[in-house]
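Colleague: After the structure tokens below, expect a handful of questions from me.
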Amino acid sequence: MEKSLIIALDFAGKQEVFQFLKQFNDEKLFIKVGMELFYQEGPSIIYDLKEKGHDIFLDLKLHDIPNTVKGAMKGLARLGCDLVNVHAAGGKEMMEAALEGLEAGTVAGQGRPFCIAVTQLTSTSEEQMQEEQLIHVPLEESVLHYAALAKTAGLDGVVCSPFESKQIHHLMGESFLTVTPGIRLKTDHVQDQKRVATPEFAKSEGVSAIVVGRPITKSENPLEKYIEIKRSWEGVHQ
Ligand SMILES: O=c1ccn([C@@H]2O[C@H](COP(=O)(O)O)[C@@H](O)[C@H]2O)c(=O)[nH]1
């Protein structure tokens, strides 16, 4: 889990996914399956990717009443994912229920998936947060508040941006995971992301894992782009 580069496979179906993965030969990847793919293909996409030896972050960002989240997590635990998530805005009781569900659904002999909480989406700016969510504190304070809530609930870490990672580790401990989307090389389009940073910056801030989607999946040469991003994330330069 630590220092992983997670590729977000935001594709509409299995066919596109396996066509895309062909380019990576037999490399075992850390793959993020999100709503777009999971809502089309369901659990079978997880089984297929696990069978190929990939690690899976199932990014469904659960946010509902505690009982519903507990039941959903019980089912997700059986899929054998490595990492799942909820929205911290669902509250401490909901996050505790998520963990209870995961523990109840984890198959004997397998570890339970790591569970992290989304703090403020990387597509949210401070201005949007204040005007649309009516949260009248600096964005970093909101992220740190949600991270502390997640920690109190017993979660393993958070989704945040690289800008908040160092302070989260300082307050919550180095083993508390910071998983950061919104990663772009300087030459990449930012698209709908607001809190964007390079892999090098993420590394310098002690981020636990980066999530990269379109810069790789929409690239003319995805394998080359993956290698370029991986090198700058791992600090290996030729
Ligand atoms: O705050 C968040 C939480 C999740 N995501 C997800 O990460 C990827 C990022 O994809 P890009 O194409 O690299 O922008 C995407 O699947 C999001 O659902 C996020 O971006 N921000």
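Here the Cβ of each residue, glycine as well, is placed from N, Cα and C on the backbone.
Where the annotation comes from TrEMBL, it is an automatic prediction and has not been curated.
Pasting the feature list from TrEMBL:
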DOMAIN    4-229  domain 'Orotidine 5'-phosphate decarboxylase'
BINDING   D10, K32, 59-68, T122, R184, Q193, 213-214  substrate binding site
ACT_SITE  K61  active site, proton donor
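Can you walk me through where each of these features ends up in the structure?
Modeller: Neighbour count (other Cβ atoms within 10 Å of the Cβ, all protein chains): 17 for L60 (substrate binding site).
Residue environment of K61 (active site, proton donor) contains 17 other Cβ atoms, counted within 10 Å of its Cβ in all protein chains.
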Colleague: What are the sequence-distant neighbours of D10 (substrate binding site), meaning same chain, six or more residues apart, C-beta distance under 8 angstroms?
Modeller: G34, E36, L37, G213, R214, T217
Colleague: Grab the pLDDT values for the domain 'Orotidine 5'-phosphate decarboxylase' (4-229) and give me their mean, rounded.
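Modeller: Here the mean pLDDT over the domain 'Orotidine 5'-phosphate decarboxylase' (4-229) amounts to 98.
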